[in-house]
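Novice: Just lifted these from Swiss-Prot, have a look:
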| type | residues | note |
| --- | --- | --- |
| BINDING | Ser54, Thr55, Arg56, Thr57, Gln81, Arg105, His132, Pro133, Cys134, Gln135, Cys261, Leu262, Arg289 | carbamoyl phosphate binding site |
| BINDING | Asn163, Asp221, Ser225, Met226 | L-ornithine binding site |
Amino acid sequence: MSSPRHYLQFSDFTAAEYDHVFQRTRWIKEKFKQYEPYHPLFDRTLVMIFEKASTRTRLSFEAGMQQLGGSAIYLNTRDSQLGRGEPVEDAAQVISRMSDLVMIRTFEQDIIERFAAYSRVPVINGLTNEYHPCQILADIYTFIEHRGSIKGKTVAWVGDSNNMCNTWLQAAEVLDFKVRVSTPPGYEVEPTDAGLRGTAHFAQFSDPLEACRGADLVTTDVWTSMGFEAENEARMKAFADWCVDAEMMSVAAPDALFMHCLPAHRGEEVTAEVIDGPQSVVWDEAENRLHVQKALMEYLVLGRVGDEESN
């Protein structure tokens, strides 16, 4: 039995593979909009394991698998043996014998890496403290829909150097664009934590306005991610000057887009004027989680299909 292909961080795929996935996303989304059934994963089963709560991740994967003709089973660690001390490695061997695909949303990247090492089927990272590849997959596809190729473009990341930031930095290496990161002192990017090969595709700025200057895309996330609630008060003070506002958008490129993975806190990491304004594409971004993940699941289970249809 050959080893399954996993999607645990953005750097797991090549630029050519992303080109294929984005082409399939476009084709699959068109089918969806035209109410044309497409069931390449008929009778296949996706198991979704949640340790972290979610709205968009669960909805997009569960609906996506059903739309592809398969079924999705929801597990959380409170209601399964995973929450009662069963070794991750044992759970992986059992769950992967009863399913065709596994998506895990958890805290530590180590958990998903260990699960994948013992899984007989593909494993997808639905989010960890370190990486959020499915979200950046949707973000980049959304940029492509609105502005074309992201190659050679500039992305400004304003806020916490969290899992989203890490994944944007990996994406820049794979797809050849630049990321300008601005964080408060003490929250800077650590290239090794982000899993980077080098520093050629990103730069750090102490001034968020300078990070946004000329950027083609400005993006951010909440200041306090799940699992860091104890730091919330300190973070509110530290990040006060890192709220994406109209001034930051005004120094970006004239056609710059704004993105946020949601849920958002208006008045904290972004003003209502920006997130609800004409440059914001957050609703397209959220919807595209559904379509890119359908293309991702198709690719992981079936390999390259439909190249002629996608072109």
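Using the three backbone atoms N, Cα and C, a Cβ is placed for every residue, glycine included.
Surface or core, plus neighbours and distances: that's what I need for these features.
Specialist: According to DSSP, Cys261 (carbamoyl phosphate binding site) sits in a coil region rather than a helix or strand. Within the same chain, residues at least six positions away from Cys261 (carbamoyl phosphate binding site) with a Cβ under 8 Å of its Cβ are His132, Gln135, Asp139, Met164, Asp221, Glu285.
Counting only residues at least six positions away in the same chain, the Cβ atoms of Asn129, Asp160, Asn162, Asn163 sit under 8 Å from the Cβ of Ser225 (L-ornithine binding site). Under the three-state DSSP scheme, Ser225 (L-ornithine binding site) falls in the coil class.
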Novice: Counting Cβ atoms within 10 Å across all protein chains shown, which of the binding-site residues Arg56, His132, Arg289 comes out on top?
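Specialist: Of the binding-site residues Arg56, His132, Arg289, the highest Cβ count within 10 Å belongs to His132.
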Novice: Could you tally the C-beta atoms, other than its own, that fall within 10 angstroms of the C-beta of Asn163 (L-ornithine binding site)?
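Specialist: Excluding its own Cβ, Asn163 (L-ornithine binding site) sees 25 Cβ atoms within 10 Å.
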Novice: What whole-number distance in angstrom separates the two most remote CA atoms of the L-ornithine-binding residues Asn163, Asp221, Ser225, Met226?
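Specialist: Pairwise Cα check on Asn163, Asp221, Ser225, Met226 gives a maximum of 12 Å.
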Novice: Taking the centroid of the Cβ atoms of Asn163, Asp221, Ser225, Met226 as the L-ornithine site, which other residues of that chain lie with their Cβ within 8 Å of it, listed in sequence order?
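Specialist: Other same-chain residues near the L-ornithine site: Leu127, Asn129, His132, Asp160, Asn162, Met164, Val222, Gly227, Phe228.
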